[in-house]
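As annotated by TrEMBL, transmembrane segment applies to 13-33, 39-58, 158-182, 208-230. Residues or ranges marked as domain 'Palmitoyltransferase DHHC' by TrEMBL: 113-245. According to TrEMBL, the feature compositional bias 'Polar residues' maps to 307-342. As annotated by TrEMBL, region 'Disordered' applies to 307-365.
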Amino acid sequence: MAPSHVLKCCQKVLAWVPVAFIALVVAWSYYAYVVELCVFVYLVVFHLSFVMFVWSYWKTIFTSPASPSNEFCLSKADKEQYEKEERPESQQEILRRAAKDLPIYTTTASRAIRYCDRCQLIKPDRCHHCSACDICVLKMDHHCPWVNNCVGFSNYKFFLLFLMYSLLYCLFVAATVLQYFIKFWTLCHRKAAESCPKNELPHTHAKFHVLFLFFVAAMFFISILSLFSYHCWLVGKNRSTIETFRAPTFRNGPDKNGFSLGCSKNLREVFGDEKKYWLLPIFTSLGDGCNFPTRLVIMDPEQLTVSSQSEPAKSSGGSQSFPTRPLSESQNRLLASDSQWVESGPEEENVKSGAKKHIIVSLES
């Protein structure tokens, strides 16, 4: 027990190394820019970007990942019965019964209820278990070692702002230091030509800080730019990093666009309705993290007709592994005012004859 406890403590301490590294780099960049390269005109913009960057970084690190609410946990009786059962079919039957009133629309690839044995709860849509944090995280995107935290529903906006402000911070520092960087590697001004040798600085201490500051700022800017661009694309598509590599499975199969409501609504889902708060690292995301508006993406009317005719045969062959409910039950302000659920005419007869109801959401982009 003792060696295991010591190992866990060491892992927790080592997990803060990347955060400490970033903190030291930021502190040094502040010293190098403000003390060694003090230009009053630049200081106002520098401190504004610096404060917003540090604020966003702090919120990303210390905002606890949101976990599923108690309604997704199995009752004591169901939990005992689930643990006693050895057959997966019986276990799934228990989970189906427990999940029939829950707002879940996704399953595993094998059409089973998504259940976490570690946390002993039914996973809400877009929820995943983080092995590093050892908890289920709502709308989990990834575990980031640079913030020593999971990026998910509770802090995804903060993470995006952290990337944006760090990008602006690095760009501003690199742009304003560039002229001094060039001077350090060119001839000095003619007035100082006699006292200043070629390609040399009067103060080698300042030369080191300014030169290194430019290289660090440029390096971080290039690396962060690709990451920020990628996450902007994810927000526009309403996907997480996990969903990009493994599309969520709905009743009709895997659908990478199942949660996409159009670029405008996808943006509002992360940043909220109040645009004045978008650039501030305060929580304004819509929803509760457990329930997300969804839609069925039908490629063409012919596929809809074929699938509606074939589904009664499939459903008669075996029980469905996932509780079916109308997608309109998904509660969210994004769909409260302008969403429509319409049944197409030709398919209505198929629905009456016993096929499953196909619902199409008309969403304004």
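Positions of Cβ are set from backbone N, Cα and C atoms, glycine also.
Remember, TrEMBL labels are computer predictions, not curated facts.
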Intrachain neighbours beyond the transmembrane segment (39-58), with Cβ under 8 angstroms and 6 or more residues off its ends: 22, 26, 30, 33, 147, 158, 161-162, 164-166, 168-169, 172-173, 176, 279, 281
Sequence-remote partners of the transmembrane segment (158-182) [C-beta within less than 8 Å, at least six residues beyond its ends]: 29, 33, 37, 39, 42, 45-46, 49-50, 52-53, 56-57, 59-60, 63, 141, 144, 147, 151, 210-211, 213-214, 217-218, 220-221, 224-225, 227-228, 231-232, 235, 270, 279-281, 283
Confidence summary for the domain 'Palmitoyltransferase DHHC' (113-245), mean pLDDT rounded: 86
Three-state composition of the domain 'Palmitoyltransferase DHHC' (113-245), taking helix and strand from DSSP: 71 helix, 16 strand, 46 coil
